[in-house]
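Asks: Okay, here's the structure, questions in a sec.
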Amino acid sequence: MPTQGFIYGIAAAITLGIQCLGFSAAYALRTEVFYDILGGLNYLVLALFSAILGSGNPEDPNALQWIDDPRKIIATVLFIFSRGWLLLFLAWRAHERGGDSRFDEVLGKGGGPMQPVTFFVFWMAQAFWVYLISMPLLFINSSDVKKPGFTAYDITFAALFACGVMIEILADIQKSLWVKKGRPGQFCSVGVWRFSRHPNYFGEIFQWWCLWAFSYSSSENPNGGYADPLWWAGIVSPLFTMHILLNMEPTGLCNANSEQSLKRYYDKCPESYTAYRENTSILIPMIGYKYIPKVLKRTIFLDFKKYEYKPTTADSVNKEEVQNSDSSGQD
C-alpha cells in the first residue's frame, strides 16, 4: 500500500490538474458554468481515489483492504453523500439563477475587459479549499493501521458527522422551497431556520469538525492521534471552513449580514426581523437564544458585532424624516 505522504501528494496533483483543466475550458468559453460543478466533482474524485489507493495489495492476505475497514467505508460514504449533494444543489441553483453574479466583472460581462489572472485565482482558491476540506478523509483512507471494530468514540462522531450533513441538506431544501413559494413572511424562518439564522453554514462547519475528530482512530502513530502531526494537520479542514464562512467578505456570514443584504429586511419588516435576530442564534441551532448573556453571544456563539446592521447616514436621516412625518400626521 502506498505511504500516506504519497497519497496526499498525488491527491494534491489531481486537484490542481482538475482545476487547471476547468479554468482552461472556462477561460476559452468565457463562462463560469463549470466552476461549482468541477469543484463538486473534485471532491468525489479525491474520495474515490483515496479509497482505491488506500487498499492494500489484494493478493496479500495480510494487507488491510478498504472494504474491510468500517471507518474507511463510513467516512467515504458520508463524504461522497455530503459532496454529492453539494454538487447537485449548486448546479441546480446556478441553473435557476442563470449563472453566478460573482464572476460578472471578472468575465467582463458588464462591458469591461476580462480579468484572466483574477479568474485563475478563483479556480486555484477552489483547488486549495477542496484539498484542505478533504484532508481528514485522505488521512483515514491512506492509513494502513489495523484496529478493532467501531468504538463508542467512532460511533459518536460518525453519527454527528451524519447529523451535520443532514442539517445542511435540510436547510438548503427548506430555503429553496420557501423561495419557490414567493418568500412568505419576508425572511426565512421555517424548519431549521427557526432555530438558526444560518443552519446551512452550521451544518457545513460542524460536519468537518466531526470528520476530523472521527479520523483520530485511523492514526498510524502508536501513541495515538494526539501524537500524530498528520492528524493535527487535518484540523485545517474545519478551521479553514470556519474562516471562509465567518470572515470572508464575498461569502458566508459576512455576505449574509452585509449592509446590502440586511437593509431589505430592515426596510420591509424592521420589527419582526429585529425580533427574529434577537431570538435566533446566528449559527448554532438552539432554543432560548434570547436568554443567553450577550458576552456569551459575542464569544462562544460567534454572534460578533461585525454582523450587526449598520445603516448609512442617509438611511438614518430618511428614517427620522419618516418618523417626524408620522408624528405630525397623528397630531
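Glycine too: its Cβ is placed from the backbone N, Cα and C atoms.
According to TrEMBL, the record shows the following:
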- 6-26: transmembrane segment (TRANSMEM)
- 33-53: transmembrane segment (TRANSMEM)
- 73-92: transmembrane segment (TRANSMEM)
- 117-140: transmembrane segment (TRANSMEM)
- 152-171: transmembrane segment (TRANSMEM)
Asks: If you count every Cβ pair below 8 Å, which range out of 6-26, 73-92, 117-140, 152-171 shares the most with the transmembrane segment (33-53)?
Replies: 73-92
Asks: So are the transmembrane segment (6-26) and the transmembrane segment (152-171) touching or not, going by 3+ C-beta pairs under 8 A with a sequence gap of 6 or more?
Replies: no
Asks: Could you give the residue numbers and ranges of same-chain residues that sit at least 6 residues beyond the transmembrane segment (117-140) on either side and whose C-beta is under 8 angstroms from one of its C-beta atoms?
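Replies: For the transmembrane segment (117-140), the list is 4, 7-8, 11-12, 15-16, 18-20, 22-23, 26-27, 35, 39, 42-43, 46-47, 50, 54, 71-72, 75-76, 79, 103, 106-107, 208, 211-212, 214-215, 218-219, 230-231, 233-234, 236-237, 240-241, 244.
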